[in-house]
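Novice: Pulled the feature table from Swiss-Prot, pasting it below:
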type: BINDING; residues: Gly8, Pro9, Val10, Gly11, Ser12, Gly13, Lys14, Thr15; note: GTP binding site
Amino acid sequence: MIKVGILGPVGSGKTSLIEFLAKEYSERGIKVGILTNDVVSAYDAMRIYHNLVERLRILPRENVLGLVTGGCPHTAIREDPSLNLRALETLEERANPDLVFIESGGDNVMSTFSSSLADFTIFVLDTSAGDKYPGKGGIGITESDLLVVNKIDLAPYVQADLNKMREDSLRVRRGKPSVFISLKTGEGTRELIRILDEELGLERVFGNKGQ
């Protein structure tokens, strides 16, 4: 079971990214599980359940699990991931997924996952938050395995310089991959999938399903 942690600020598009990736990999025959973290409600889990289980019928109901963690979002994924680790055991027992996406509650650029919880981490930024963010750094941006800059279709409306964001991402991440996408228009999503396939070794692990 490969565990992919997805984190980033509130509203950056983490849940939408998970829905896109779950659909993409489920259609290849890879069994996908989803574990969400919310501070005060299971809103994201309910949204994913409605979209992927009830409406599109991509996932069985037992493949989606939501946690209400309370307190600081990063505590449950870094300092004390025990609640998430138990939830992963439950998810594995009832769904036996090949690939699990774990969504953190919305947090800041210093958020990271415990290595005991996630094998690979994706940090999601929102273009409309401003082109300064990649250059500001923070361990979420600099140390994640993949940086996803989402909502690039909004760049002209918020006067965000995508070239500056690309240059800053390359500089602060010291060569680790970044990808610029719009989940709304689909721009950049094929490159995102290519990077994930390669970084996660999906073809090696799952054979033809990983292609």
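Glycine is treated like the rest: Cβ placed from N, Cα and C.
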Novice: Let me know how many other Cβ atoms fall within 10 Å of the Cβ of Pro9 (GTP binding site).
Specialist: 19
Novice: Identify, in sequence order, the residues in the chain of Gly11 (GTP binding site) that are 6 or more apart from it along the sequence and have a CB within less than 8 Å of its CB; answer 'none' if there are none.
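Specialist: Long-range Cβ contacts: Gly106, Asp126.
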Novice: Out of Ser12, Thr15, which of the binding-site residues has the smallest number of neighbouring Cβ atoms within 10 Å?
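Specialist: Checked Ser12, Thr15; of these binding-site residues, fewest Cβ neighbours within 10 Å: Thr15.
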Novice: In terms of DSSP three-state secondary structure, what is the assignment for Gly13 (GTP binding site)?
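Specialist: Gly13 (GTP binding site) sits in coil per DSSP, no helix or strand.
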Novice: According to DSSP, does Gly8 (GTP binding site) fall in a helix, a strand, or coil?
Specialist: coil
Novice: Between the binding-site residues Gly8, Gly13, where is the Cβ count within 10 Å the lowest?
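Specialist: Checked Gly8, Gly13; of these binding-site residues, fewest Cβ neighbours within 10 Å: Gly13.
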Novice: Neighbourhood of the GTP site (Gly8, Pro9, Val10, Gly11, Ser12, Gly13, Lys14, Thr15): other residues with Cβ within 8 Å of the Cβ centroid, in order?
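Specialist: Sorted by sequence, the hits are Gly106, Val124, Asp126, Asn150.
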Novice: Give me the count of other Cβ atoms within 10 A of the Cβ belonging to Val10 (GTP binding site).
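Specialist: Result for Val10 (GTP binding site): 12 other Cβ atoms within 10 Å.
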